[in-house]
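S.K.: Next up is a structure, given as structure tokens.
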Amino acid sequence: MGDPERPEAAGLDQDERSSSDTNENEIKSNEEPLLRKSSRRFVIFPIQYPDIWKMYKQAQASFWTAEEVDLSKDLPHWNKLKADEKYFISHILAFFAASDGIVNENLVERFSQEVQVPEARCFYGFQILIENVHSEMYSLLIDTYIRDPKKREFLFNAIETMPYVKKKADWALRWIADRKSTFGERVVAFAAVEGVFFSGSFAAIFWLKKRGLMPGLTFSNELISRDEGLHCDFACLMFQYLVNKPSEERVREIIVDAVKIEQEFLTEALPVGLIGMNCILMKQYIEFVADRLLVELGFSKVFQAENPFDFMENISLEGKTNFFEKRVSEYQRFAVMAETTDNVFTLDADF
């Protein structure tokens, strides 16, 4: 992927062009406060980026584990689902189970090594932790619903067994491997992974909640979509701090590319019609989500799409940490977001 060949590089061979692109990116990295190497990266205090630190504390406050999701009521619902509904849900879970591992690959291989600001490194470290929880949760859901070992194995190997999952995975993996692209381009690409590639699937599971189905699955979906909304907001915050941002044209190109892949995934490869949703409205919803992401990145809308799903009005991807502040199901770690003075222990109380 990366930028088209520059005219001034037309006479260079491929290795020379690659070296030229890499050197140019290194120069640009040195101009970025977020990426500039410093011994300060080993020490958290004093906080230099309070808004980045606040997002880290939000992530910390919303930590949860797979064991806290009750799946005991899901199996009776699962057994009553139509074959098409089971097919759709199991394949969506297979996509999710693989995707969180890819997000973590990027965080470990690229972002955590490139970013030098300790507040952001704290966030990425916690994101890696919660992405592991997400992956475990999706694997546990597959393990609970799918009793046939061969079907289970097929789903756990979705990147190899399902071409449409592989297509989405390959798109993300190419960005991890791309040494020519700038940090800003890759921030946008992974905001698209978490903000666009996940959005339609989240909406499909919320649709099941609207129908009163699968309480364990839908509760875990609330928690995970809240987390991913925060991760997407964090990517947009990091983007705002960049000195050398990609052009609006380049950002649009990346996000529109992701939109096309996601629309194909949920309206052709794994159509939401299988669970009774409208494919045309799903296409519109994905465009709406993409427009919202573009606005949060500081650019104008491409699609001018309205939200066609009323039941998606209040979830995390709707806007800046809305869902977090709503505290889904009152689920937030006690005192993590409280002011320090709220939790001071004193010995002068009357007993």
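Every residue, even glycine, has its Cβ placed from backbone N, Cα and C.
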S.K.: Need one residue: from ASP100, ASP143, ASP148, the one Swiss-Prot lists with GLU131, HIS134 for Fe cation 1.
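M.R.: Among ASP100, ASP143, ASP148, only ASP100 appears alongside GLU131, HIS134 as Fe cation 1-binding in Swiss-Prot.
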S.K.: Can you pick which of GLU194, GLU264, GLU268 Swiss-Prot lists for the same Fe cation 2 site as GLU131, GLU228, HIS231?
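M.R.: Looking through GLU194, GLU264, GLU268, the residue Swiss-Prot assigns to the Fe cation 2 site is GLU194.
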S.K.: If you take the centroid of the Cβ atoms of GLU131, GLU194, GLU228, HIS231, the listed Fe cation 2 site, which other residues of that chain have their Cβ within 8 Å of it?
M.R.: ASP100, VAL103, GLN127, ILE130, HIS134, PHE198, ASP227, LEU230, CYS232
S.K.: Please report how many Å separate the Cα atom of GLU228 (Fe cation 2 binding site) from that of GLU131 (Fe cation 1 binding site), as a whole number.
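M.R.: It is 9 Å, counting Cα to Cα.
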S.K.: At the level of the C-alpha atoms, what whole-angstrom distance separates GLU194 (Fe cation 2 binding site) and HIS134 (Fe cation 1 binding site)?
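M.R.: Checking the Cα atoms of GLU194 (Fe cation 2 binding site) and HIS134 (Fe cation 1 binding site) gives a distance of 13 Å.
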S.K.: Could you measure between HIS231 (Fe cation 2 binding site) and GLU131 (Fe cation 1 binding site) for me? Cα positions, answer in whole angstrom.
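M.R.: Cα to Cα, HIS231 (Fe cation 2 binding site) and GLU131 (Fe cation 1 binding site) are separated by 10 Å.
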S.K.: Quick check: which same-chain residues outside ASP100, GLU131, HIS134 lie with their CB within 8 A of the centre of the Fe cation 1 site CB atoms?
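M.R.: Other same-chain residues with Cβ inside the cutoff are SER99, GLY101, VAL103, ASN104, ILE130, ASN132, VAL133, SER135, TYR138, ILE224.
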